[in-house]
Amino acid sequence: MDFLQIALVLVLLNLLAIPMGKYIAHVFSLEETRLDRVFGGTEKIIYKISGITQSNMTWKQYAKALLISNIAMFGIGYLIVRFQGILPANPSEIAAMDPLLSFNTVSSFLTNTNLQHYSGESGLSYFSQMTVIIFLMFTTPATGLALCIAFLRGLTGQKSIGNFYVDLVRAHTRILIPLSIVVGLVLVGQGVPQTMEPTITATTVEGAEQQIARGPVAALESIKHLGTNGGGFFGVNSAHPFENPTPFSNVLEILSMFLIPASLPFAFGHMTRNRKQGWILFSAMGLMFLAFLATAYFSEANGNPALASIGLSQDEGSMEGKEVRFGIAQSALFTTVTTAATTGSVNNMHDTLTPLGGLVPLVLMMLNNVFGGDGVGFINILMYAILAVFIAGLMVGRTPEFLGRKIEAKEMKLIAITILIHPFIVLVPSAIALATEMGSSAISNVGFHGISQVVYEFTSSAANNGSGFEGLGDNTPFWNISTGLVMLFGRYFSMIAMIAVAGSLLAKKPVPETIGTFKTDNSTFLVLIVATVLIVGALTFFPVIALGPIAEYLTIR
Amino acid sequence: MLKNLRLSLVLLLICGVAYPLAMTGISQVIMPAKADGSMIKDEDGNDVGSELIGQMFTDPSYFSGRVSSIEYNGAGSGSGNYAPSNEDMIERTKEDMEAFLKNNPDVNKEDIPADLLTNSGSGLDPHISPMAAEIQVPRVASERGLSEEELEKLIEKHTEGRQFGVFGEPRVNVLKLNMALDQF
């Protein structure tokens, strides 16, 4: 039954992703489409109020618009959480957030990371949950999608890179808002609360008092997944019965967070007018995903040897930190999807995963390109595709080309720096944290697992994932500042570098395809790209993996 | 900068105010009980709890639920976040196991289902596995003077299967089961 339910979810995903890819390609078409008739009216009003003209931009204008709009959103969000104590919709009377935690929180939601150093029940008012958290949960995946589409326009040689504001607004009106409403209402039907009433006090069967926190959860829950955001309304995220009450809500959340990342290769196939190219990239990511999923599933199903040795049956698998309604299959699937799609929501506690089960989310975030978050993840795999073309070109001694455009020194420099910045902002801060008291005092599970806790926190920040080995006591100035900076670097550096690559490619003359052209839409290329990803990943991260999860695996009895 | 600020505020009004309020309005009209948290009330209309949120049961005449480091306080949520190699977790499990065997003398240690002695992810898990309910039957039956067959029937009645026959795991809602016990 475990295999059947996992297979069923993946088949459903595939069936949804193919038409979604086509739809996304239409949404962001530079030509007029039928969709304009449906959504154009509303969008014109938004452009008018905001004073936006719809003319096409150069890559520099596009990058500037992206950055400045994000700075404006940061400012608004920061002010709201700092003053939430005196703002409306605060029935549980929650006080202002302190400045460093506010910096960390707003950076986290602005960068689509959703790392949380606070607990939603006690740290944020309903007003902040709505106007900061839910608001940024829409704008950040929309920003990622816009950037991805601009990159694809450059790569596929369209007439222009587009207009950032138009792309941003369309991602809201045509994709994220309609889907969030539908998914949100289905979630309420499964039992997810959607109320403005405050925490309720019940008198239990045994006569004790029980506080039950609730709130406008469903509205956040749907966009949390559709936007690969991941920040929970409650501290334990989608493990909380109010965020994820049934196995079906779990399936729906998995499909929601995987839908857009999985459909982008197909959107790309439409834009290049070469669907096979889209399928090759989808398959490359899909194969890696399946290998990681199998590792997580079997490792968790085998249970915890340390508990087996004291005589506790492990027939159910490793159940510490998991919920009975999900069991091993729905938990392992959720864990693999949430770190592949860099959502970062969790339906079981990643800190409690068995050593190899915990290695899977860590490695997926280190690679950061097995589907990845809305928009940005697909750019990452394309970056590796270009790297693979470059390596293949070097091996046969000719100028590498991708989609009929020469890949030259300028692009390769930008790509190489972007690939290197990711391990740099994971490993250097991890080393500092492990070497100093201010960092290592946060560790709650001593030994090899403590190393994993620290590395996981920075990997999650750099990959803009947001899940954590949550035992880490991370609401301190050191952790708030360091992870805040890592998240901002992880998001904006690669964004700007990639839009520059797109601009540079768009300016090139296409080279005609000849018999000597290296084909990128066949299985040879599939193998090449998977090998490139795994070799680069292993060379970079193997030592730290060996010190953390692998050492724990070898020593646990 | 000004147009960026204006656009941000427009999007904030749409996504951060209009959208959640509209969702609240629609949900409150078409599914008010679920939208308010699936609360369970007794005959007098007092809130006993939520059918989705687990409760603490310490009395041996009730079926007990999973380990919760937060003692099922729904004002927050969380677990101990113990690594599989954590000594404190091993120690906690040993102690819970001894206590369980003392309260349920007919039970063999190897037969205890793991979900009964492990901390749930949320600390609020409302469910246990059907096996975890059955293993407590002899204790509850002797405490309440009921027959084991009656209790097994009651468990069967309160066992939810996999959703649509495929998704998730079979499970028993501890609060609903214990409320049914009190109706006996």
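These residue numbers are counts, starting from 1, taken along the chain as shown.
Quick reminder: no glycine exception, Cβ is built from N, Cα and C everywhere.
Annotations in TrEMBL come from automatic prediction, not curation.
Here's what TrEMBL has on this protein:
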TRANSMEM  A:62-81  transmembrane segment
TRANSMEM  A:130-152  transmembrane segment
TRANSMEM  A:173-192  transmembrane segment
TRANSMEM  A:248-267  transmembrane segment
TRANSMEM  A:279-298  transmembrane segment
TRANSMEM  A:375-394  transmembrane segment
TRANSMEM  A:414-435  transmembrane segment
TRANSMEM  A:485-506  transmembrane segment
TRANSMEM  A:526-551  transmembrane segment
Self-check item: Contact call for the transmembrane segment (A:526-551) against the transmembrane segment (A:279-298), three or more Cβ pairs under 8 Å
Solution: yes
Quiz prompt | Chain residues outside the transmembrane segment (A:279-298) and at least six past its termini with a C-beta under 8 angstroms from it | solution = 2, 6, 17, 262, 265-266, 268-269, 328-329, 332-333, 335-336, 340, 353, 356-357, 359-361, 363-364, 367, 369-371, 381-382, 385, 520-523, 525-526, 529-530, 533-534
Self-check item: Which of A:62-81, A:248-267, A:375-394, A:414-435 contacts the transmembrane segment (A:485-506) most, counting Cβ pairs under 8 Å
Solution: A:414-435
